[in-house]
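Per Swiss-Prot, the features are:
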ZN_FING   10-27  zinc finger
BINDING   Gly96, Ser97, Pro98, Gly99, Val100, Gly101, Lys102, Ser103  ATP binding site
MOTIF     253-257  motif 'RadA KNRFG motif'
REGION    349-446  region 'Lon-protease-like'
Amino acid sequence: MAKNKALFECQACGNQQSKWLGKCPDCGAWDSFVELKAEQIKVLKELAQVSMKTSEAVCIEDVELEHFTRYSTDDNELDLVLGGGLVEGSLVLIGGSPGVGKSTLLLKIASNLAKQGKKVLYVSGEESKAQIKLRADRLEANTPNLFLLTELCLENILEELHKKDYSILIVDSIQTLYSNKITSAAGSITQVREITFELMRVSKAYNISTFIIGHITKEGAIAGPRVLEHMVDVVLYFEGDATKEIRLLRGFKNRFGGTNEVGIFEMTAKGLISAKDLANRFFTRGKAISGSALGVVMEGSRALVLEVQALVCESSYPKRSATGYEKNRLDMLLALLERKLEIPLGHYDVFVNISGGVKVSETAADLAVVAAIISSFKNRPLSKDSIFIGELSLNGEIREVFSLDTRLKEAKMQKFKNAIVPSKPLEDIGLKCFVAKELSQVLEWM
């Protein structure tokens, strides 16, 4: 009798190898390979055969376009991120840290869609019906078309889907489900991958729009195989500090629209609502203090004025820390200050914080970060009427940023008077713009 071929799978990313490896060549995880049992390998082969369909090549000019049906979720922020509304039969994956409000958001959306007359099935593997009902009472989300199911078995969920003509399915969360066809534990790579595949098949076959909540790892990525994000139609990340009110919903993948928009929500006593009057949520206009500078960043099509806070203090064992800002970018800016402005930061602790719990990734905030650091180092307060916009290069030049006019218009609306920018705006905004091409010019202005 021929010996069965062994198959090992990485529990971190789903990579498969014919022999055990100490380190995964795909994701780099150590000691993550486990051997799959014969039953698991058999199921994987059967599922792979089901998904294989023969088709003929067709000339691209003969392909007929599909017209997707969209409908509003009655939430302007979510509709914005989804590209104009929810597409019928789409599969949406939402990830986020514990306590950020994923379940609260989807329960609100479930209620909105149910009030439109659509039948919604909310499946929870983490909470009881009574717990969900308590939250629904608080959110005023009770409606006859919203059905609750506390179930962990995929086959039982699919059976319930076939009983009623559901239009919306919400799964909270994908890591808690298991399939009877697979012998591995719930939340394993194989379970997550194959359950998602089955949900995708059902969504497309019956035009059921499906939301899936996914846990995230300590690195901030959605737990489970990387192929999970490739299988779904839309990938959204829910960000925010659980101790603060503002939440950001970012799109990282969207087969039916763009990914350049960000939804902004506010956590209130009645749940998540579309945030209003965002202008003063991320900065204060109080007394000028050292270590504080204001900048303007773009979040999708929005311009937001943010306060950058910096603390520089002498230390025998200097360290650098950044909250809401990239640590590697901060290290580069500190090296630039030492090299170009001869500011001796080698014996100083440097802490940088972006107020409001917002994570800044664009380089247009470089100038504001540097201004806050210099202000703290020299103990020299900066005017609250001034904003700093610009990207810094490695040679100390201040480079232009995109959407400069949009940023300056937002600053004007917030009644700022001065702007330190790399170039003049295309139109007269009504601000005093001080053009700085090099970092040394900013120091002279300060």
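These residue numbers are counts, starting from 1, taken along the chain as shown.
Using the three backbone atoms N, Cα and C, a Cβ is placed for every residue, glycine included.
Comparing the binding-site residues Gly99, Val100, Lys102 on other C-beta atoms within 10 angstroms of each C-beta gives the minimum for Gly99. When secondary structure is read from DSSP and collapsed to three states, Lys102 (ATP binding site) falls in the helix class.
For Gly101 (ATP binding site), applying a Cβ distance below 8 Å and a minimum sequence separation of six or more within one chain yields Phe238, Gly240, Arg247, Phe265, Met267, Leu272. Sorted by the number of other CB atoms within 10 A, the binding-site residues Ser97, Ser103 start with Ser97, the lowest. In sequence order, Phe238, Ala242 are the residues of the same chain, not among Gly96, Ser97, Pro98, Gly99, Val100, Gly101, Lys102, Ser103, whose CB sits within 8 A of the CB centroid for the ATP site.
Listed in sequence order, His215, Ala242 are the same-chain residues at least 6 apart in sequence whose CB falls under 8 Å from the CB of Pro98 (ATP binding site).
As a summary of secondary structure, the region 'Lon-protease-like' (349-446) carries 36 helix, 24 strand, 38 coil according to DSSP. Averaged across the zinc finger (10-27), the predicted model reaches a pLDDT of 82. Take the CB of Gly96 (ATP binding site) and look out to 10 A: across all protein chains shown you find 24 other CB atoms. Across the zinc finger (10-27), the DSSP tally of helix, strand and coil residues reads 0 helix, 4 strand, 14 coil.
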